């Protein structure tokens, strides 16, 4: 039984996390479809976050029902942190991410989302958080090389599309089926502004990397992760609502009808706030802080499968190549983070040297980071 339990503890989290990435890509395709069909990204962001915040508020208390709340939460310093987390992790990130998606495709979302550890590494260097950094260590070399590979993948993603992997075939039952799907779902449109979409998505990734730095210290002071998520989700929703009211003054754009847009808002709100967050927090506690981020490159696989199985004239060789290169750099950075320094290397370190920001990964980072919100 012990061996069987161990196998299940390995297999089940793997399958569940892979399915989480599949659901995320599926919702991203549906969001692209809704935005292409005329739905305002600002309206979509407000409604999905409002629903998610309403669900998270009671759920966060239920999630931590057996834990004692030793640290006062509603203090002035914590409220400032909550505001900044909402501003960077919800307001800036989601507005730029969904605008970027409206100009590009889900595969670009995957490629740019994989830039997060590279941006985090550069921000840590700029802010002086890499105390005692040994440039000769294999960890540092791996992170530097991984960062360069990530940026190379992003560059390829922007400048090279290449031919379609699955062009329109001659008339056949299969082609007729795919043509029918294209009337209901959108993966890519020729009118998309690829460069602008990529730039917006890169800015969104930079925003979430800044958010990462803020949240690291926050969850050390306030370890009840779901309450922190609930609070900054509400703060970000209010910020988005104020901004969207100016960006989308047409009241008719805010009207909800009983159609696919409404179903998508409900599905995205529930999945993003409760299902995915709970699964990621649970898996990170079971398997460690590096387990959940390792599944980010699975988004490339699912986007490629969906893009080639259900769409024609939608997925380019160049976009898959760029995403694959970015994924390689991402995995190299992750590999470097779990490596221990060679004890034979003499690197000057402070006695009170702390773990660098990428190593202090917490369930909050795993619960709501990168492009999982898209």
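Cβ atoms here come from the backbone N, Cα and C positions, even for glycine.
Feature annotation from Swiss-Prot assigns transmembrane segment to 11-31 (among others); the stated evidence is sequence analysis.
Using DSSP to sort the residues of the domain 'EamA' (26-155) gives these counts of helix, strand and coil: 99 helix, 0 strand, 31 coil. Here Swiss-Prot flags 26-155 as domain 'EamA'.
Annotation comment: Swiss-Prot describes 42-62 (among others) as transmembrane segment, evidence class sequence analysis.
According to Swiss-Prot, the transmembrane segment annotation covers 82-102 (among others).
What Swiss-Prot lists as transmembrane segment is 107-127 (among others), and the listing cites sequence analysis.
Within its own chain, the transmembrane segment (145-165) is flanked in space by residues 108, 111-112, 114-115, 117-118, 121-122, 194-195, 198, 202, 304, 307-308, 312-333, 335-336, which lie at least six positions past its ends and keep a Cβ under 8 Å from the stretch. Swiss-Prot lists 145-165 (among others) with the feature transmembrane segment, giving sequence analysis as the kind of evidence.
Summarising the annotation, Swiss-Prot assigns transmembrane segment to 194-214 (among others).
With a threshold of 8 Å between CB atoms, the same-chain residues lying at least 6 positions outside the transmembrane segment (228-248) that come near it are 40, 42-43, 45-46, 49-50, 52-53, 56-57, 59-60, 73, 82-83, 85-87, 89-91, 94-95, 215, 218-219, 222, 254, 273, 277, 364, 367-368. Look at Swiss-Prot and you will find 228-248 (among others) tagged as transmembrane segment.
Positions annotated as transmembrane segment by Swiss-Prot, on the basis of sequence analysis: 255-275 (among others).
Residues or ranges marked as transmembrane segment in Swiss-Prot (evidence: sequence analysis): 292-312 (among others).
Residues or ranges marked as transmembrane segment by Swiss-Prot on the basis of sequence analysis: 315-335 (among others). Long-range contacts of the transmembrane segment (315-335) within the same chain: residues 105, 107-108, 110-112, 114-115, 117-118, 121, 142-143, 145-158, 160-166, 187-188, 290, 293-294, 296-297, 300, 303-304, 307-308, 358, each at least 6 residues beyond the stretch ends and with a Cβ under 8 Å from a Cβ of the stretch.
Between the transmembrane segment (194-214) and the transmembrane segment (107-127) there are 3 or more Cβ pairs closer than 8 Å, counting only residues 6 or more apart in sequence, so the two stretches are in contact.
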